[in-house]
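**Q** Annotations per TrEMBL:
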DOMAIN    46-90  domain 'Integrin beta epidermal growth factor-like'
DOMAIN    236-261  domain 'Epidermal growth factor-like'
DOMAIN    278-312  domain 'Epidermal growth factor-like'
DOMAIN    319-349  domain 'Epidermal growth factor-like'
DOMAIN    406-436  domain 'Epidermal growth factor-like'
SIGNAL    1-23  signal peptide
């Protein structure tokens with residue numbers, strides 16, 4: 001054999017020998033068989049033990065389930081070069097492929113990504129080295145998130161009073177005021193469904209179309225997903241198709257009940273007869289303060305004894321002022337109307353009949369900025385304006401407010417669940433929304 005050919009033969013043989021031994025454990029010795037085709041000198045148990053990963057119990061997978069055990073040596077199943085390799089077939093570089101099909105951002109070693117951090121700062125990390133906290137470094141200060149927040153996977157999470165992509169902007173309100181504005185009715189910041197930025201909640205779920213998404217509300221208190229029978233954000237399967245979703249709670253149509261209006265309710269009355277019984281002398285079923293089911297009203301809020309009556313016609317909340325005092329402390333409430341004590345009068349018994357001030361003193365307190373007495377829409381009594389009863393919608397300390405400016409729902413101002421305060425609805429406990437149309441309580445009829 002010629003020297004050159006002999007050299008090529010030795011090179012090929014050594015390469016094949018090295019490739020074969022790459023799948024052999026360090027404890028392997030070629031002398032385990034006395035010769036080619038000879039019997040293995042190891043017992044079956046000892047052979048399998050050597051092919052089993054450390055910590056694996058007897059009977060566990062051999063060669064990680066990716067090869068066969070031959071006399072204590074793993075012979076890996078290789079259909080493509082480099083797919084499975086290692087002494088126990090534990091390495092498989094294809095796991096370094098990320099969710100988008102590309103390989104890891106670092107170096108793949110035995111199926112694990114080693115992230116490139118030349119400075120040793122550990123800013124590049126993650127299973128696929130997909131997180132790069134260098135993106136959080138402020139260009140001017142060269143600090144992570146400007147020194148005003150924490151970085152997670154390339155995104156800054158700002159501390160109180162700061163916002164911006166790199167927490168470089170400071171809020172114009174105090175952290176306390178920001179927290180107060182973002183506190184939801186249940187006492188949680190943005191209902192634990194959003195991030196508070198300078199007093200405004202940025203809800204975690206935003207509809208891709210640009211409209212409000214499944215989670216919405218000033219404090220992210222509404223989650224419309226709770227109304228879906230089977231959650232699919234692009235379906236319209238709200239309340240099983242038998243009700244209306246109000247801030248994550250189903251308001252079922254007549255004849256249906258259940259948390260998601262999934263149960264039919266049997267009733268001998270027709271829908272028209274049921275509504276007629278619930279309507280009574282009111283313009284709306286249950287006076288707009290309850291739910292009509294088979295001719296009977298269930299008043300809400302549930303358990304609130306201030307709303308009662310066969311058709312929920314009595315609402316004693318109307319006897320309360322903005323301060324919550326019933327009939328200003330000078331009368332008793334009867335079916336939503338104040339019965340004043342002697343010496344007091346007014347819708348809420350707020351006016352004394354006797355006055356200890358002169359007429360000039362009284363008028364000076366009733367004049368608006370333009371010098372008109374009670375804005376020309378009421379009379380002055382003891383320093384307080386009594387707005388004209390002919391114009392029911394006029395209110396305010398100087399009769400300068402128009403309650404028609406308050407939002408309506410089902411034809412009722414503030415839906416009957418709040419007080420109109422100079423054009424804005426002041427909702428009673430448990431209610432929310434521009435027209436107090438959303439019930440936020442823990443129970444729902």
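Residue 1 is the first one shown; counting continues down the chain.
Glycine is treated like the rest: Cβ placed from N, Cα and C.
Just so you know, TrEMBL annotations never went through curation; they're auto-generated.
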**Q** Restricting to CB pairs under 8 Å, which listed stretch, 236-261, 319-349, 406-436, is in contact most with the domain 'Epidermal growth factor-like' (278-312)?
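**A** Answer is 406-436, with the largest number of Cβ pairs below 8 Å.
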**Q** Work out, from DSSP, the number of helix, strand and coil residues along the domain 'Epidermal growth factor-like' (278-312).
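**A** Secondary-structure breakdown of the domain 'Epidermal growth factor-like' (278-312): 6 helix, 10 strand, 19 coil.
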**Q** With DSSP as the yardstick, break the domain 'Epidermal growth factor-like' (319-349) down into helix, strand and coil residue counts.
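**A** When I sort the residues of the domain 'Epidermal growth factor-like' (319-349) into the three classes, I find 4 helix, 12 strand, 15 coil.
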